[in-house]
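Here is what Swiss-Prot records for this protein:
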type: BINDING; residues: G32, R33, S34, G35, S36, G37, K38, T39; note: ATP binding site
type: BINDING; residues: D82, I83, R84, T85; note: GTP binding site
Amino acid sequence: MQANQDTHNAQSKLTDSNESTGDKLSILVVSGRSGSGKTSVLNILEDLGFYSIDNLPLSLVPEAAQKLVCDSGIKRIALGVDIRTPRADLSNFDAIHDSLKQTYGEEAVTVMYVTAQEETLVARFNATRRIHPLMVLDTKGVENNVYNLPAAIEKEIQLLQPIFKHADIKIDTSMLNIHQLKERLRDYVGVDNQIVINLLSFGFKYGSPIDADFVFDVRILPNPHWNPTLRSATGLDAEVSAFFADYPEVAEMTGDIATFLNRWLPDFLHNNRHTVTVAIGCTGGKHRSVFITKHLQDRLQNSLPEGLTVTAKHREKHRW
């Protein structure tokens, strides 16, 4: 009965607060794999105007949200939760997630999951000489049935599954430096009242982006790399555009991808999504994927409904 009363009080205060200000409420629950950069994400979110709390026990998330939103009137909140939270809290995340949505509204609550590829996590732990949280003590390692770093990483994936399945935003930091991470987060949360479509060109030879919602492979198209005069150019250069103009299949593929995205992105975004990442890949991420990503940005910005922002990023730009 007391819990229901608290929820009712929170909803009443929230309604009053929203009516008195035009600010949009945003509650981010930030979680993810150890070594993936959750603390960096929370620090950046703080720079972007969020009130950030790290390493919060999951069971205290509803209470923290109520105190910050209803008692203090804070509108942008990022609450960090990691594997150190009690196991019972993790298994109860469905109920916690539903409670937050019911209290503050579907669009106000977002789960952000930060991850990285296993080899990247291993390299980071080795470089910093830090111990994975599941291996802090030998006795704890035995208790968790993990005896080495790869086993701890694998075990953590299983334990965090209740949070991962609710993730609205997934960020893979494997190939991001701190500046790129800040730019990515700004795209996700820095534009109020807008939905962001992130177009990302990349090279398959450097690995596929695991945080993409859609991946299109354009390696079947003619490759300017084999033209010696174009090898040093990129898909943003006029001479590469002229090269592609001689191949109608390039325009056809660009049009087909645009048609697919125009048809399905609006429906995809109706599921309370604030961002969608569309990755376009070629071999090296320099010519074909860059060209198509740029042209898709122009086409989608003019054809998608109002309120959608389309950004274009080129993951391999530092390699050009």
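Each residue, glycine too, has its Cβ placed from N, Cα and C.
Listed in chain order, the extra residues whose Cβ falls within 8 Å of the Cβ center of the GTP site residues D82, I83, R84, T85 are S34, N55, V81, P133. Considering only the binding-site residues R33, K38, R84, the Cβ with the fewest other Cβ atoms within 10 Å is that of R84. A simple way to gauge crowding: the CB of I83 (GTP binding site) has 20 other CB atoms within 10 angstroms, across all the protein chains here.
G32 (ATP binding site) has its Cα within 10 Å of the Cα of these binding-site residues: D82, I83, taken from D82, I83, R84, T85. Residue environment of G35 (ATP binding site) contains 24 other Cβ atoms, counted within 10 Å of its Cβ in all protein chains. D82 (GTP binding site) and S34 (ATP binding site) are 8 Å apart (CA-CA, integer value). Of all the binding-site residues in the list R33, G37, T39, the shortest Cα-Cα distance to I83 (GTP binding site) is found for R33. Take the mean position of the Cβ atoms of G32, R33, S34, G35, S36, G37, K38, T39, the recorded ATP site; other residues of that chain with a Cβ within 8 Å of it are D82, V114, T115, A116, T173. Within 10 Å of the C-beta atom of T85 (GTP binding site) sit 21 other C-beta atoms, taking all shown protein chains into account.
Checking each of the binding-site residues (G35, S36, G37) against D82 (GTP binding site), the C-alpha distance stays within 10 Å for none of them. Around the Cβ of T39 (ATP binding site), the number of neighbouring Cβ atoms within 10 Å comes to 15.
DSSP assigns I83 (GTP binding site) to coil in the three-state reduction, outside any helix or strand.
Reported as a whole number, the C-alpha separation between G35 (ATP binding site) and T85 (GTP binding site) equals 16 Å. Spacing of K38 (ATP binding site) relative to T85 (GTP binding site) is 14 Å (Cα to Cα, whole number).
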